[in-house]
């Protein structure tokens, strides 16, 4: 079975082809990503209209490239999947309209994929992880701890009540005059900084529900930075180190609480999974590895190219849904907000 | 040449299949709407194509309105047009909404100054004007209604497009004989197809013609001073 996947939720335009064999294992045949980072860099964040404009210019070429690289024609794919949300509406409409049209012309099933579920199912593509597992999804747009029980069957254990983790990294980078996207920049600065110099809070630590809050930490960092401004290179490194250390502590604590919650509500997880762009941060990965070891679990972190936005994870989620008969029709709507809890689940196994 | 024409740039969601040589419309459907094009277009396309012998694979070309118009709307039509082109390996060409709107009055040479106008909000319109000699009087741009009227001279003016009534009111107030073409408020798909059929695919690209920059400014305000 082969599925074409289309991703246009934010600032990457992407298309990929993923296949599964008789044993159900997934293989990425192609994964083409065009990042719009350069077009948004001057704005310190993603500008929705600029993103939408870039998607419509690029998506058909990327699809053609993905099909060519996979050495398949449109007729040879079994389904066409597009991320239908959550995300920026302008881009979603471009990707979903393109997917619907391809599905209509080539007479293939359409699968409107939830972008969060695509991240949630990725460890099954990369590491064949069995349900159920605990997922920490942390990116520029999302921060969630999710019990993944099956396709379309997820319990959100915790989420952020304000900024997403990746967004907090971006805002700190912007404040300190570092480049966008901020995650890698802050991590690089943090490596040579002193995490103890600035006393920063650990918001939500110790709370019984595994939610996150980043705005207080961000404000505290701003106040500390303003006290010492104008900033030297050392100041910037120390601020980044302090910020990252606080984030690591919070993630470790929140994930530990989520694990406890998981055991009570779902049972024993097969793995702890870290997905999304923030999982690319080495310090955060180390902390999660520590935590997984402590809990006797395997830590699964999909390879970096699959942690960011890409078409392969959309294609894989589409494939998982398609083989359960979960498809969509031509009236499928783009959904800027689309919580995992509102997903259609697979019919119960008979 | 059998051509599929699509328009979702303004107040309709419309598709038509035409045989250009015989000037016959094989199938067509248009639904008036200000929003909801994304949900409506594909079911509409499915219905229209079901009435075409040979279906999508009998098409030679796709023509789509590329704006100016609703940024979101025109991207929906363009995404669909380009996807059809990709799926069956035919060219997709772009037709501006302004030229499609004016085309019916250009057929036998314009009799008077012809203005196509589309509401661009805030007292402004996307506009184009062509004189009786065929000369371009106002090249496609965004302009205040007042500035449009200032450029019209004193002769009789034909007005088309969804912004025509706005221009008519202002023009008549200063004594210009403004002829409002109520039947030419939205692009006629037959004309989109005809213009598209005549276009060079390498030049008339099916890419958005926004005529307005994205509303965003670079931000530096949040950054702290650095030594």
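Even glycines carry a Cβ here, placed using N, Cα and C.
Listed in TrEMBL:
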| type | residues | note |
| --- | --- | --- |
| DOMAIN | A:28-316 | domain 'Gcp-like' |
| BINDING | A:115, A:119, A:309 | Fe cation binding site |
| BINDING | A:137, A:138, A:139, A:140, A:141, A:170, A:183, A:187, A:281 | substrate binding site |
Residue pair residue A:115 (Fe cation binding site), residue A:137 (substrate binding site) - Cα distance, angstrom, rounded: 11
Additional residues surrounding Fe cation, by Cβ distance to the A:115, A:119, A:309 centre under 8 Å: A:7, A:9, A:83, A:116, A:118, A:139, A:142, A:276, A:310, A:313, A:314
Among A:137, A:139, A:281, which are recorded as binding-site residues, the nearest neighbour of residue A:309 (Fe cation binding site) by Cα: A:139
Among A:137, A:138, A:139, A:140, A:141, A:170, A:183, A:187, A:281, the record's substrate binders - longest CA distance, Å: 18
Rounded distance in angstrom between the Cα atoms of residue A:137 (substrate binding site) and residue A:119 (Fe cation binding site): 7
Assigned element (helix, strand, coil) containing residue A:309 (Fe cation binding site), judged by DSSP: coil
Collapsed DSSP category at residue A:141 (substrate binding site): coil
Rounded Cα separation (Å) that holds between residue A:141 (substrate binding site) and residue A:119 (Fe cation binding site): 12
Cβ contacts of residue A:119 (Fe cation binding site) (under 8 Å, same chain, 6 or more positions away): A:135, A:137, A:139, A:142, A:275, A:276, A:313
Count of other CB atoms lying within 10 Å of the CB belonging to residue A:281 (substrate binding site): 25
